Amino acid sequence: MEDGRADRPSGKPREKCGVVGVSLAERDAALPTYYALYALQHRGQESAGIVTHDGFQQHQHVEMGLVGDAFDQDDVDALRGSTAIGHVRYPTAGSVDKDCAQPFSVSFKGGALGLSHNGNLVNADEVRDDLAGAGHAFTSDGDTEVIAHDLARNLLESDLVRSVKHTMSRIHGSYALTIMHDDTVLGVRDPQGNRPLIIGELDDGYVLASESSAIDTLDGEIVRDVRPGELVVLHEDGSGFDSYQLVEAENTAHCFFEYVYFARPDSVIDEELVYEVRRDLGRELWAESGTETDVVMPVPDSGRAFASGYAEAASEDGAATEFAEGLMKNRYVGRTFIMPTQEARERAVRLKLNPIKSTVEGKTVTLIDDSIVRGTTSRQLVQLLKDVGAEEVHVRIGAPAIVAPCYMGIDMATREELIAGDQSVDGIAEEIGADSLSYLSTDAVSEAIGKSKDDLCLGCVTGEYPYDIDGEATDRDVERPTIEPPADD
Ligand code: SF4
């Protein structure tokens, strides 16, 4: 649900990053990587970058801003070579400047290394201290550089596969990586598979991407998801890939929010179309807390698939509920919209969303969205609908209440900022002025996604995480690697 905070107009939880890796037979890989990054733009709008390798040397272009602003034709043309990795980023670990923009690249005795990371390590400080003690100098405070240095150190002593395995044994947390070592492109997913990463086949090569929508954009075919704990090495000549299952974990910890909000609805994760999962979540919502009203309407665009599933299930049950688009979105209120005062922030919702009076006036309304973070926008939307004559406004949310922050790379909010952090559902309903409010249960989420709760990360809605995080509870037996302190000289 949107909140209108000055530095984050959408107020939504923000995905940290999107990653791409491309290996082609002969043509340059920069242009397809650029298109793939466009398809992943929703995963990060702060910076965009591509690193290529032409068989002799690495080329890179990394800029702040959207993909379309960060690159012009000359920039793409200058990136020679048939292998590439790319990245779009929203910062969560590390500062908001170009030093943390990715791909991170480094030249060392063992060759040239480039890294694109989606996720967040929870033991980056320990690994960084260890490497700093061994003489590594860091140029950023981000966790991706930690992975790059660790891998570079291993590559001086070992082959590629063993080096990646060794790094995986030292880092703990969430990571989907595309890596380029000289002209070899690799993909790695953490043993719990927290962030998505998928393999696609093109006419003349292979692609790795955070989401399948990037593969569609390149007219490719989905091969399969990279498995949790797996290393995939694309052949330099684009002819195929090798797979190494480096780490096995008993359970996965896929971020359920990828299905609820982050991923594009047209993406396929683990063979499930995200749009259909969202419709199923809407159907579950009707089954758990459906209430018959004159109209069911989504908060655009995030609530649309949920509302469609909810309305369909309602009609199958014989409810006289009509699905209607009752809120219209102004698409030109961009992310850079500055709202310096509280009054301006309050007005922002009217600039972004306008109700269609005739759809709402004199009606009972169910308003559907995927989440409520701070509650500011929910309150304003309920008020807006009542101002134009809604008799009742019932709010239904297609996910459980967010009660805790995310440590795995999602910019959520602090516990204090979260409206559900310290109050009951009835209390929240009162605060946002709704006649009733219901969230979806974690059981229903598991049912709609088709995975056991033991194989999902539900940390932000249960407060129990699938990783060993300082000061937080865990929902499973997880072992954080012990990083040996540097030896005394
Ligand atoms: S805590 Fe929430 S947002 Fe973060 S990875 Fe887990 S499910 Fe996803």
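Here, residue 1 is simply the first one shown, and the rest follow in order.
Even glycines carry a Cβ here, placed using N, Cα and C.
Annotations in TrEMBL come from automatic prediction, not curation.
Per TrEMBL, active site, nucleophile is recorded for Cys17. DSSP assigns Cys17 (active site, nucleophile) to a strand in the three-state reduction.
Cβ contacts within 10 Å of Cys460 ([4Fe-4S] cluster binding site), excluding its own Cβ and spanning all protein chains shown: 26. Per TrEMBL, [4Fe-4S] cluster binding site is recorded for Cys255, Cys406, Cys457, Cys460.
Counting every protein chain shown, the number of other Cβ atoms lying within 10 Å of the Cβ of Asp370 (Mg(2+) binding site) is 25. For Ser302, Asp369, Asp370, the entry in TrEMBL reads Mg(2+) binding site.
Counting residues 6+ beyond its ends, the compositional bias 'Basic and acidic residues' (473-482) has Cβ neighbours under 8 Å at 122-123, 169-172, 250-251, 253, 454, 458-459, 462-467 in the same chain. The compositional bias 'Basic and acidic residues' annotation in TrEMBL covers 473-482.
Summarising the annotation, TrEMBL assigns domain 'Glutamine amidotransferase type-2' to 17-237. Taken together, the residues of the domain 'Glutamine amidotransferase type-2' (17-237) have an average pLDDT of 94.
Annotation comment: TrEMBL describes 469-489 as region 'Disordered'.
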Between the Cα atoms of Cys460 ([4Fe-4S] cluster binding site) and Asp370 (Mg(2+) binding site), find the distance and write it as a whole number of Å.
14
Quick one: which of the recorded positions (Cys17, Ser302, Asp369, Asp370, Cys406) have their CB closer than 6 Å to ligand 1?
Cys406
Cβ within 8 angstroms of the Cβ centroid of Cys255, Cys406, Cys457, Cys460: which residues besides those meet this for the [4Fe-4S] cluster site?
Asn194, Phe256, Phe257, Met408, Ile410, Met412, Leu458, Gly459, Tyr465
Rank the recorded positions Cys17, Cys255, Cys406, Cys457 by how many other Cβ atoms lie within 10 Å of each Cβ and give me the one with the fewest.
Cys406
Taking DSSP as the reference, which of helix, strand or coil describes Asp370 (Mg(2+) binding site)?
coil
